[in-house]
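Data first, discussion second: the structure below is written as structure tokens.
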């Protein structure tokens with residue numbers, strides 16, 4: 001007997017499938033398994049495998065067999081830094097604000113909170129709002145903060161003219177800097193976001209009037225002073241064991257590539273003396289012999305676009321030489337320059353070059369979009385996020401979330417009072433589950449890769465500007481030098497033969513035309 005869409009019988013089947021799912025998830029949560037079935041029984045088999053935090057993930061197909069030349073950034077690529085660096089940057093910039101910019105002494109009470117912000121957030125300068133935006137320019141509600149306090153969803157929507165959407169002209173441009181909104185993309189921006197939020201919190205808490213643009217610029221300048229004055233370099237040089245991580249793995253990666261006949265180069269914005277000390281610590285005194293070209297103080301990203309800056313050679317003491325550069329020699333150190341001269345002198349072009357960096361805009365965007373290099377993004381946060389994804393709590397929460405989504409979609413067919421009541425309860429529970437899942441990653445902002453269901457703006461850039469991404473350079477040690485990376489085919493919404501949430505609920509109907517007759 002055929003069941004008509006919207007009938008009481010079909011609704012009964014739907015509610016029965018929910019009851020079964022509730023029993024399974026409750027039993028799993030309580031540590032028991034009805035009929036010897038576990039939480040993972042709710043998931044398709046291919047979803048149950050745990051992810052490897054040391055894996056390399058592909059956005060685009062790439063064979064290392066075709067790569068002849070490997071390039072690297074230095075900070076957070078060759079050299080991974082400990083989180084202990086962030087409190088130093090925060091407290092020093094805070095003190096600079098007080099002592100040099102004459103900010104209130106009361107700001108000194110704030111200490112760095114490593115759990116507050118995540119990378120990839122946007123800051124609306126005129127509204128003093130720190131927020132997470134998805135790939136479609138929508139603010140994720142519940143992730144907007146002014147100072148250290150959350151801003152109600154209603155206020156966020158009102159601030160943007162009755163919508164969560166941020167218009168394109170206001171959004172960050174190609175390098176993450178728009179007219180009024182900036183995106184914080186590098187790892188060094190974590191203490192900057194924390195300090196900015198603390199200063200705004202102090203001014204608001206003490207009812208002090210301030211110009212949002214001036215405050216933003218002062219905080220940014222104070223953070224910049226920490227770098228420009230070389231303070232951060234001094235801290236690292238004084239205690240490399242404390243601040244530099246995985247140095248032996250960096251040496252292993254470089255040595256392995258050279259042993260297989262690959263050519264290597266380094267392009268970094270850091271000064272030579274700092275890079276030299278760090279590389280000696282990680283690799284040894286002969287580190288320069290591993291690289292065919294070394295370029296320091298490159299001034300990325302303008303290095304990739306400005307043709308006017310010539311290369312300058314440094315002598316063994318780090319002093320500038322005056323001779324014209326007609327070739328780039330192995331073992332020598334060069335300063336500034338530009339990519340166009342680099343390409344002309346090396347003839348390293350196109351897909352046979354693979355460059356690694358941590359900053360999607362400054363390191364990778366131009367190389368991929370304008371020059372056709374292959375690119376690899378170093379995302380240290382990936383390791384922690386994958387470990388969270390592998391937890392039973394995450395899988396339980398996400399599975400039940402997806403199940404509710406499928407049930408909500410089907411339950412819309414029924415318009416009686418009882419159905420509407422069930423629908424409202426499910427919507428409330430789904431929202432609660434989304435908040436729980438978000439808090440597993442970060443209580444304020446969630447995952448750097450996802451909003452509730454969409455990719456973040458950060459993820460959109462990651463996919464656009466990188467062929468590969470990984471937690472650290474050492475992940476290369478897990479693969480042969482001729483390995484081919486294949487991205488998994490992710491079905492578009494209209495391509496999926498079965499809806500994942502239907503697989504989870506046991507409602508195996510597919511969205512074929514006959515089953516969606518109520519849609520006109």
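Note: Cβ is positioned from N, Cα and C throughout, glycine not excepted.
Summary of the site annotation: Swiss-Prot records Mg(2+) binding at 73, 75. Screening the candidates 315, 323, 341, 358 against this entry identifies 358 as the one listed for that site.
Cα-Cα distance from residue 73 (active site, nucleophile) to residue 358 (Mg(2+) binding site): 8 Å (rounded to the nearest whole number). Take the CB of residue 75 (Mg(2+) binding site) and look out to 10 A: across all protein chains shown you find 22 other CB atoms.
The Cβ of residue 358 (Mg(2+) binding site) lies under 8 Å from the Cβ of 73, 75, 76, 77, 186, 187, 377, 378, 379, 380, each on the same chain and at least six residues away in sequence.
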